[in-house]
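Below is one structure, written out as structure tokens; the observations come after it.
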Amino acid sequence: MSLDIVILAAGQGTRMRSALPKVLHPVAGNSMLGHVIHSARQLQPQGIHVVIGHGAELVRERLAADDLNFVMQNKQLGTGHAVAQALPALTADTVLVLYGDVPLIEVETLQRLLAKANDQQLGLLTVTLDDPTGYGRIVRDEQGRVTAIVEHKDANDAQKAIKEGNTGILALPAARLADWMGRLSNNNAQGEYYLTDVIAMAVADGLVVATEQPHDAMEVQGANDRRQLSELERHYQLREGRRLMAQGVTLRDPARFDVRGEVSVGRDVLIDINVILEGKVVIEDDVQIGPNCVIKNTTLRKGAVVKANSHLEGAVMGEGSDAGPFARLRPGSVLDAKAHVGNFVELKNAHLGEGAKAGHLTYLGDAEIGARTNIGAGTITCNYDGANKFKTVMGEDVFIGSNNSLVAPVEIKAGATTAAGSTITQAVEAGDLAVARARQRNISGWKRPEKIKKS
């Protein structure tokens, strides 16, 4: 069975009170529409058709991809009208309709729904709620068969008492769609063309409407305002937390933990409070992450330790290495096994060999640092001349004294030592000691300046 997916994303979202189109508002670092597209792709359809309207150019710009067909809805005349705009592009056997502001829908739920759809049967996703206010109601006959969907504003009191609501997500035979779209009417309280009216048409045409429900009602929750958006965010984070804990992660507090990307984890991982994981993060076995850390597009090898208040981006921490507290690893930073980066150390495009150490108050940029080398406190690599970047190379077993300025390009060879307070501008040969500072001069009888007395 071939599949086309239509995603409705044309709404303005006035209750968001924002210049940003509603579907571009983020949940967990990705737009709501981005989440829906991600789920759609996992179903491997032959086409994904995104119906856009308000803020169309910005939506297209943010999400443009070769596998997406953007369809313009110039006037927002209802969900049925929106689907009709995509009709000329639909060639598959089945059409699945999704919504750009319903980001938490699970792929497994959609797979169960699609399994119920064929040329003689619609698949309709419904949800049972204690308070279904705002939802269209699922009307069934005495045998429990779905006969129609009545929108909330058009429902009578008896219909409003129904607890089963329409999520709007449905799978239907493409061969019938054009006929049903042509028969839609806007004779209703909203003056719109409701997609839900095809349910009654399908029943009248002798088709069966088979229903499916999500495991969790939050899967089908949309966001019309900032409060609902925050509810989706928190539910997403708790869901991700449960997923990670099921894989062997200890979260000190799942309510104070955020995932904003794709995270893969090993076993016996410990993550403290207020940790944010962004982009693609790989965490291997026995890793420990302290509180208040931000980790983005980073790999943490087995047994690595990230201490409190550290910020890592585009970095790789080797097996048994550690960083922090208050460490910053910028893109291109690599720590080999058992390397150590302490508090208030910043790395950028720097590679620390196995067992190398930079304990505190240090900046290392564009640097290659050999195994077991020790970097003293207050050391900086002077890697930028205002126009170009240059590299600092340190061999194995180098000892850099405190408060050194290493003016790149420069090489300090294996086993060399630099004295505290040195400004190193020339190569230091293997095993040598480099002293590059002014000789101390003591002045006897020195008197400190005195404040000038005001008259």
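The backbone N, Cα and C atoms fix where each Cβ goes, glycine too.
Swiss-Prot annotations:
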type: ACT_SITE; residues: His360; note: active site, proton acceptor
type: BINDING; residues: 8-11, Lys22, Gln73, 78-79, 99-101, Gly136, Glu151, Asn166, Asn224, Arg330, Lys348, Tyr363, Asn374; note: UDP-N-acetyl-alpha-D-glucosamine binding site
type: BINDING; residues: Ala377, Asn383, Tyr384, Ser402, Ala420, Arg437; note: acetyl-CoA binding site
type: REGION; residues: 1-226; note: region 'Pyrophosphorylase'
type: REGION; residues: 227-247; note: region 'Linker'
type: REGION; residues: 248-455; note: region 'N-acetyltransferase'
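The Cβ of Asn383 (acetyl-CoA binding site) has Gly365, Asp366, Ala367, Lys389, Phe390, Lys391, Thr392, Ala408 as same-chain neighbours under 8 Å, each 6 or more residues away in sequence. Restricting the binding-site residues Gly11, Gly78, Arg330 to those with a CA within 10 Å of the CA of Ala377 (acetyl-CoA binding site) leaves an empty set.
Counting residue by residue with DSSP, the region 'Linker' (227-247) contains 20 helix, 0 strand, 1 coil.
Most other Cβ atoms within 10 A: among the binding-site residues Leu8, Ala377, Ala420, that distinction falls to Leu8. A mean pLDDT of 98 is what the model gives for the region 'N-acetyltransferase' (248-455). Checked against Ser402 (acetyl-CoA binding site) by C-alpha proximity, the recorded positions Leu8, Gly78, Glu151, His360 yield His360 as the nearest. Same-chain residues at least 6 positions away in sequence with a Cβ under 8 Å from that of Arg330 (UDP-N-acetyl-alpha-D-glucosamine binding site) are, in sequence order, Glu313, Gly314, Ala315, Glu346, Leu347, Lys348, Asn349. With Gly11 (UDP-N-acetyl-alpha-D-glucosamine binding site) as the anchor, the candidate recorded positions are His360, Tyr384, Ala420, Arg437, and the one with the nearest CA is Tyr384. All protein chains included, Asn374 (UDP-N-acetyl-alpha-D-glucosamine binding site) registers 18 other Cβ atoms within 10 Å of its own Cβ. The Cβ neighbour count for Ser402 (acetyl-CoA binding site), using a 10 Å radius and every protein chain shown, is 18. Residues Ala377, Asn383, Tyr384, Ser402, Ala420, Arg437, recorded as contacting acetyl-CoA, have a largest CA-CA distance of 22 Å. Taking the C-alpha positions, the distance from Gly78 (UDP-N-acetyl-alpha-D-glucosamine binding site) to His360 (active site, proton acceptor) comes to 61 Å.
Around the Cβ of Glu151 (UDP-N-acetyl-alpha-D-glucosamine binding site), 19 further Cβ atoms fall within 10 Å across all displayed protein chains.
A separation of roughly 64 Å, to the nearest angstrom, links the Cα atoms of the residue listed as 'active site, proton acceptor' and Glu151 (UDP-N-acetyl-alpha-D-glucosamine binding site). In sequence order, Gly365, Phe390 make up the list of same-chain residues 6 or more apart from Tyr384 (acetyl-CoA binding site) whose Cβ falls under 8 Å from its Cβ.
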